[in-house]
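Some notes on the structure that comes next.
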Amino acid sequence: MTRITGVSLRRVLDSRGNSTVEADVLTESGGFGRGAAPSGASTGEYEAIELPASESIAKAREHAVPRLEGVYAGDQRAVDNALRAADGTDDFSAIGANSAVAISMAAAKAAADVLGAPLYQHLGGAFRGENFPVPLGNVVGGGEHAKEATHIQEFLAAPVGAPSVSEAVFANAAVHAAVADVLDERGVPAAKGDEGAWAPPISDAEAFEVVDEAVDRVEAEVGFEIRFGLDMAAAELYDDDREAYVYGDETKSADEQIEYVAGLVDEYDLAYVEDPLDENDYEAFAELTDRVGDRTLICGDDLFVTNVERLEDGIEAGAANSILIKPNQIGTLSDAFDAVELAARNGYETVISHRSGETEDTTIAHLAVATDAGYIKTGTVGGERTAKLNELVRIADDAV
Ligand SMILES: C=C(OP(=O)(O)O)C(=O)O
Ligand SMILES: [Mg+2]
């Protein structure tokens, strides 16, 4: 019933107005699934390769589509193996990880459609966990996502004490609004960055004060614990030639960066720190995790790129205690599941994540519930972000 009879690909807009790939998968019994590839701006050096959308579509039509016809959409590994075989490289550089991930997600949705099950149920099965992820909401940001704003890429609200996913989602929106109030009181104008976070022209030090204040105000209103965290995207700050992290006119050595981040964890009781160090420095990651990993999550994004081999190296080195999962970094849902399983077996927390360039696709909300992820990072406001958050709220309604 889930045998694939057709795959069509088209170029659509992402949230930055760039071209991305959308895939439709049809099955013999009339099942239908649609998936669209997101796109990063602060991409990791070791990510699967995204090709220009038109090129990726042309290559996938030629090499992947003929191989997919006849494959069972309900057998996700068969679909993803067919994509890997059609590509023939380790990093999807032949057909593009953008077409691969769009097709992989569309096939999963087509299978769920045939089975009459919601996607999270199809992906997670009867024995999936019953937890809902804590949403990490980007409320202030800069780096590669906004010019003339903070050096740190993302300041993320983390409503860890929320009694329900819906209250958590609304708390993050309230923190986003409270940040606007605090900035206004300080006379700071702010546009928004690529993910909908405020992108004010202030120092990182002032951003900590602003977010801390906004979180305190909302915590007092809602009556449950809200902490905050960071995505430092430090590979973007690191200058290989100078062997230093560059913050405008200031630089920090790896040791100074470790000291700085450890100090921030304690001063602001940070719940989460993503990519605090360069993507090639497992050792520095391990040193920081050793120092503060008992009280915060040290998460590898550019460090691991959702890749089991890089995660194995990280586990061996003690480099972190959590991993960011972005299906398009690796190209298929099967590969993303493998990374989640390896992480879980080794006591690593998983954080399912959007990209800075997004579409209305809601797969990651289902993936987070299906895999029992502790966290989901998918912004706070903006249609392409609320698409995932609202889907999470619907799933929570549907699942209980
Ligand atoms: C979401 C992120 O940004 P991008 O998609 O630009 O890599 C990130 O770095 O975690
Ligand atoms: Mg990141």
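Glycine is treated like the rest: Cβ placed from N, Cα and C.
Taken from TrEMBL, the feature domain 'Enolase C-terminal TIM barrel' covers 129-399.
Its Cβ taken as reference, SER353 (substrate binding site) is surrounded by 28 other Cβ atoms within 10 Å in the chains shown. Residues or ranges marked as substrate binding site in TrEMBL: HIS145, GLU154, GLU274, ASP301, SER353, HIS354, ARG355, SER356, LYS377.
For GLN153 ((2R)-2-phosphoglycerate binding site), applying a Cβ distance below 8 Å and a minimum sequence separation of six or more within one chain yields SER42, GLY141, GLY142, GLY143, GLU144, HIS145, ASP231, MET232, ALA233, GLU236. TrEMBL lists GLN153, LYS326, ARG355, SER356, LYS377 with the feature (2R)-2-phosphoglycerate binding site.
TrEMBL lists GLU195 with the feature active site, proton donor. Long-range C-beta contacts of GLU195 (active site, proton donor), restricted to its own chain and to partners at least six residues apart, with a cutoff below 8 Å, comprise ASN138, GLY141, HIS145, GLU154, HIS354, SER356, GLU358, GLY379, GLY382, ARG385.
Per TrEMBL, the feature Mg(2+) binding site maps to ASP231, GLU274, ASP301. ASP231 (Mg(2+) binding site) falls within a strand segment according to DSSP.
Under a cutoff of 8 A between CB atoms, and with a sequence separation of 6+ in the same chain, the neighbours of LYS326 ((2R)-2-phosphoglycerate binding site) are PRO38, GLY40, ASP301, VAL305, THR306, ALA336, SER353, HIS354, ARG355. LYS326 ((2R)-2-phosphoglycerate binding site) falls within neither a helix nor a strand when secondary structure is assigned with DSSP, and so counts as coil. The feature active site, proton acceptor is assigned by TrEMBL to LYS326.
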Q) According to DSSP, which kind of secondary structure is GLU274 (substrate binding site) found in, if we only use helix, strand and coil? A) strand
**Q.** Mean of the pLDDT scores, which run from 0 to 100, over the domain 'Enolase C-terminal TIM barrel' (129-399)
**A.** 97
Q: Rank the binding-site residues ASP231, ASP301 by the number of other Cβ atoms within 10 Å of each Cβ, and give the residue at the low end.
A: ASP231
